[in-house]
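Here TrEMBL flags 80-271 as region 'Disordered'. Per TrEMBL, the feature compositional bias 'Pro residues' maps to 94-109, 116-132. Annotation comment: TrEMBL describes 135-166, 197-206 as compositional bias 'Low complexity'. Sequence annotations record features per position, and here TrEMBL assigns compositional bias 'Gly residues' to 184-196, 207-222. Positions annotated as domain 'Zinc finger Sec23/Sec24-type' by TrEMBL: 342-380. Residues annotated as domain 'Sec23/Sec24 trunk' in TrEMBL: 420-663. Among the features that TrEMBL reports, domain 'Sec23/Sec24 beta-sandwich' is placed at 668-752. The domain 'Sec23/Sec24 helical' annotation in TrEMBL covers 764-863. Taken from TrEMBL, the feature domain 'Gelsolin-like' applies to 883-953.
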């Protein structure tokens, strides 16, 4: 498995050298270096066309589709210069408008219709999927779009694939021309006679290259919405476009809820597209895994690798093997075949499942994955009915259901010995900062009650999970809490270079049996270290101690580490401050997110081989190198929680809620996962909180109900429409009571030679999960600008392929989007504005690293919400109803001065109040007379408005994997900046285009690909 590189490959060709880890591209390589070549001379670019645009509404019969036509009036906008935090472009009517030569209309040589209503002629027959055509700005005729003879056919400018040329990267040879690269680290645009052509003036360059075009339609790494260029353009202020005329995420989710909400979704059909993650539905397993366990980027795979390469839609599955099953759905059935263990195919080792075909009167079966014919064991024999199905089909979960569990035999256990119940070790940093803040006392008080709620098997009276306690600063203190003792005993290990556990008996104990001794210890710890002055800490030896303790006890488990500062004490894993804002927006920015190699890399391996997961609770007041400290949790199926500048009064409840959820959630330990596929394709790439020793086995020290693994598939042969594509995810793990089990999830997809089928079966939410994880991995090896360009480029290629092969002919000024992907651009734009990818010196490096690491293990519903938060209007809620008000579009335009809105994205929760919010509403919710007196927290009041608001917040907190702290935000207050960065349809406060501008920009890119 290639760890580095980016999964996105341009269509019509393979990835270029230096892109995505491929050694070379397809086709004859051009004489001069193309993109991927660093350090070349910057090329000259044409002056960009710009425009202010208005949408007109009309309809194309006979397809059910919404059509948008974009009229373009060319007026040059203004852009900010230079690097630094993003300012919004402001009009400057006083400056002379003729700084750059702009064309008011495209040259006629292009032969494209720019404006006017869409064609009304009959549609072509292959137009299967519904689509939403949108018209974009007509920038088609600009010379850079291929109109100029010297550039049009050059491979790097989007020439025809048959020429062995390479498609333009996002940002190169584009309709909205990108900035010329600075001397080093940019990409070259060679072309015969490109530089110095008449009418192609050399662009001025700032630190980040030249200017960008369009009303804020800058591409990644450009001026305008992205960090930007040095050239100024001025002109009259822009007219606002009508945002209601472009596809709306809230509308899509509402429509799906109306159509499929409250219904039973049965999984008996191959390749059916499930309801959206936002829809409320009930699953009935009838032979395919529930979408709660597995979702795919498309439910109809292309039959050949060529088709897959042509359409550029990544083929992936997001697997959440431990997903929570709602109470109204049947829990997984448990199958025990006794000492023989689960029945498997002799050749490919796939487990018995509904895709096995019984033949020869039931004496043999043909494997659905590799077609091998196997003998049926005597004890498993059963006669077939007149349809060729086993008579006991519906009595056996493994023959009739998509998901089930097998009892694992000793062959599946380490050293062929039965597994032991896992242990939880609580490791508390007792340095000066944590004692002084009151954190240590808070943790100790909470653990007294929390340990009653350790996870247990359904129906078990008490938990079999053992517990142990360690405190540390520069040295480690272990505690003997054996039930026979009157007082706990402390043992100190000061040699952190050679870590060992000083006691065998009495360190890991059953909480119920040792409750008195443990409570005694938890009372003593805060006082024992009350006078400490020690501010230095160690970190790696703490994890090492936990691993050693589990090794000695011969069990798997989890370490809960509560830590506050960068580990600077002399010990293995000592870290230094390497936060350097000067690296932002340079080639070396990626080094800020790369973990320090050596000690931590080895620790991850040790943890995984022992089944030791690490959950890290961080309470930093300054930089802690989270990229390195978070490395072990991210490779061991663990979680990272961060509470900057922690104060018990303000953040205590938030932290305790997280800790409770984390300790109590359903979990499996010492897990290994294998994804098997039918012939013709295979799993090639894996993203998640995982470790991989080889290319097939996904190892997780622990896997809980919130962790998902995203898998990418590639063709290795043709797929057939008849048999479809089958996948089986098998997870071997240890339960919380020490039982070894196999959890199996099966899914069957369609295969088609028609691209229209693939686009019709796409799932936008799964696609964006895949794009987010692959971009966040790519940023470790490539400049952010390159990563953003690849994202835009691949999106443009996916949508251009749809337009070219699946939609009926229409005017070039229309943007045609497949119905299933019509809101994909808003998610992609939001992804490019997230902290990790935006590249701003105003964002903390640790925060960016944190967001990058937590996204790695997110499921589809988590990334969907993170990238498109819910904005819920509360000022006119019906207090008598149980229903949560419908969310509105995530944009400042939806806020009203007299309104009150709740915004949540699964990580943050804001209550925003407008300046003109009615005093009576403020009084009922906050018990203060007016907006000016708002408190910083929400009081508990006995009136309908207060109760309704708190019930909405409680229901949201209940649904999310992590706790969220409510921030109350006043309109025009300083704290509003935090809130505004989540309004993803607007320009990003740290750089990034608005949704409207980005859509226009993507449209230009699509047209570039098509020409």
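Keep in mind that glycine also has a Cβ here, set from the backbone N, Cα and C atoms.
The structure displayed is predicted, hence computed values, not measured ones.
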Select the range from 342-380, 764-863, 883-953 that forms the most Cβ-Cβ pairs under 8 Å with the domain 'Sec23/Sec24 trunk' (420-663).
764-863
Given a Cβ distance threshold of under 8 angstroms, which distant residues of the chain, six or more beyond its ends, lie next to the domain 'Zinc finger Sec23/Sec24-type' (342-380)?
287, 335, 388-390, 398-402, 406, 408, 676-679, 723, 726, 728, 730, 742, 744, 746, 748
Do you know the DSSP helix, strand and coil residue counts for the domain 'Sec23/Sec24 beta-sandwich' (668-752)?
0 helix, 56 strand, 29 coil
For the domain 'Gelsolin-like' (883-953), how many residues does DSSP put in helix, in strand and in coil?
24 helix, 11 strand, 36 coil
Could you break down the residues of the domain 'Sec23/Sec24 helical' (764-863) into DSSP helix, strand and coil, giving a count for each?
68 helix, 5 strand, 27 coil
Structural state census, the domain 'Zinc finger Sec23/Sec24-type' (342-380) (DSSP three-state):
6 helix, 11 strand, 22 coil
